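**Student:** Starting off with a structure, shown below.
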């Protein structure tokens, strides 16, 4: 029977519920259990697809084309289970489903209310995410409830998980509450009162935590744990310190050494082999003992919030581990770059990466970045928009297509080398269409797609005959310009079979040592255990660049 662990948060947001949940999942997985994670988001958006990266951070895309919370990226990097649409849902999706049922008459004329209709729907989504009653059912489903206890938005979710725990029984459910202990410098002590209050709020709802994860800058002293235990009705061994660390990959070991997984297994009556965290220890050792360093410039539009590029940042770090080097990433605002100052801004880096993005702001700076990398033989990786700006730059300055641009930025461009995709096959094989008047939400080319890779290319040396990666974009290289770009020397090394959509562009080895742009998002499939072949090759190219003489 599937067991459930519900992870809630209190006092403030952004405490790291996602990392805590993923770490617990990793420990349980190391005990031989089949684990999945489910993220419950209390906002009314149907999904985060139309939300600003400045507000929400990265949108993580799954193989089945779901646009999800960035925490699902942590989940995939920490455990073996691949995430799907059913692993993330929002208040908006729940209400959408309830209203559709009401319109169909599924509620038989009843007055539709938060309790029981919305809370029942939440429970059904949770059970679906856990695969309950199917061959895909897991041993343990860890459900992270977004938001903060006390917020009005989270109340239906908390009520739903309370009800689900009651139905499943005490030996099939556990509650873990993440809280914050502020350090008052003038008093020289940690304060436990906010934690007492947040647990009190949780107990008023009808939820008694089995474990408290106490976030603080440093380890929580034993006397403070005793005090917290007394006032929250949580046994002392369930009050667990979760302090700041220099790498998130230390968290599984931290939680295990304080007995969190043992507590959960006892509560859920799970008889498992001992925990084996050797590969996590090896991973931490690798991060702490690099044999060198490479400097990479990430030229983007959302650099004020590093979470906007969370998976790219992690993929670069993973690739560094594969080559035993530390990757020092500098986020450079593309609005600050032009042809005139690109050398001053970028010459100190070993490689350049231009990630994805939407809208015209900062695009010319990205085009200047691609030009600098091409002309100065700097290793270049363009992802999604990064591939498109590389194509625009090449069209303008090599192919002689004056005014070349994307119709996203200039609808009246004389040479629209990048244009809106009007028809494509989605991840599940269905043919989708759209035009400039279509809704923004849920109308992109999304999910895993496969393409053949041209032999003898850089892409082929990385991927082999076929590339399968996840997509999230509306615009694509214009098929009408491919022959002109090829004649000018641009290598189009991967195309989709049906629509002939460009997946990868690159420069020949004799022209540039390492220059490639991909329309997809390879960062979503990188893991700390093996990295990702494209990022691994990119970091190796940066290492080679270090050895080469630089232009003054």
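Cβ from N, Cα, C; glycine included.
Here's the feature list from Swiss-Prot:
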ACT_SITE  384  active site, nucleophile
ACT_SITE  521  active site
ACT_SITE  523  active site
BINDING   13, 151, 152, 153, 191, 192, 193, 194, 195, 196, 227  CTP binding site
BINDING   71, 144  Mg(2+) binding site
BINDING   357, 385, 386, 387, 388, 408, 474  L-glutamine binding site
DOMAIN    295-548  domain 'Glutamine amidotransferase type-1'
**Student:** Which of the three DSSP-derived classes (helix, strand, coil) applies to residue 144 (Mg(2+) binding site)?
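**Tutor:** Strand, per DSSP.
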**Student:** Quick one: among the binding-site residues 357, 386, which has the most Cβ atoms sitting within 10 Å of its own Cβ?
**Tutor:** 386
**Student:** Restricting to the recorded positions 71, 152, 195, 384, 523, which ones have a CA within 10 Å of the CA of residue 357 (L-glutamine binding site)?
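**Tutor:** Final answer, ordered: 384.
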**Student:** Please give the average pLDDT for the domain 'Glutamine amidotransferase type-1' (295-548) in this predicted model.
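**Tutor:** Across the residues of the domain 'Glutamine amidotransferase type-1' (295-548) the model's pLDDT averages 91 on the 0 to 100 scale.
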**Student:** With every protein chain in view, how many other Cβ atoms are within 10 Å of the Cβ of residue 387 (L-glutamine binding site)?
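**Tutor:** Result for residue 387 (L-glutamine binding site): 28 other Cβ atoms within 10 Å.
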**Student:** Based on Cα coordinates, which of the following binding-site residues are within 10 Å of residue 521 (active site): 71, 195, 408, 474?
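**Tutor:** Near residue 521 (active site) by Cα: none of them.
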**Student:** Pairwise over 357, 385, 386, 387, 388, 408, 474, annotated as binding L-glutamine, what's the top Cα to Cα distance to the nearest Å?
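**Tutor:** Max span of the L-glutamine binding residues, Cα based, is 14 Å.
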**Student:** Could you find out if DSSP has residue 71 (Mg(2+) binding site) as helix, strand or coil?
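**Tutor:** Looking at the DSSP assignment, residue 71 (Mg(2+) binding site) belongs to a helix.
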**Student:** Long-range same-chain neighbours of the residue listed as 'active site, nucleophile', Cβ under 8 Å, sequence gap at least 6?
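**Tutor:** For the residue listed as 'active site, nucleophile', the qualifying residues are 355, 356, 357, 472, 473, 518, 519, 520, 521.
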**Student:** Reduced to three states, what secondary structure does DSSP give residue 191 (CTP binding site)?
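**Tutor:** DSSP assigns residue 191 (CTP binding site) to coil.
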**Student:** Reduce the DSSP letter at residue 13 (CTP binding site) to three states and note it down.
**Tutor:** coil
**Student:** In the same chain, which residues outside the set 357, 385, 386, 387, 388, 408, 474 have their CB within 8 A of the centroid of the CB atoms that define the L-glutamine site?
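**Tutor:** For the L-glutamine site, the extra neighbours are 356, 358, 384, 389, 406, 418, 473, 475.
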**Student:** Counting other Cβ atoms within 10 Å, pick out the least crowded of the binding-site residues 152, 385.
**Tutor:** 152
**Student:** Spatially, which candidate from the recorded positions 71, 152, 191, 193, 523 is nearest to residue 474 (L-glutamine binding site), comparing Cα atoms?
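**Tutor:** Answer for the nearest of the recorded positions: 523.
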**Student:** Among all chains shown, work out which of the binding-site residues 13, 195, 388 has the most CB atoms within 10 A of its CB.
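**Tutor:** Checking each of 13, 195, 388, the winner is 388.
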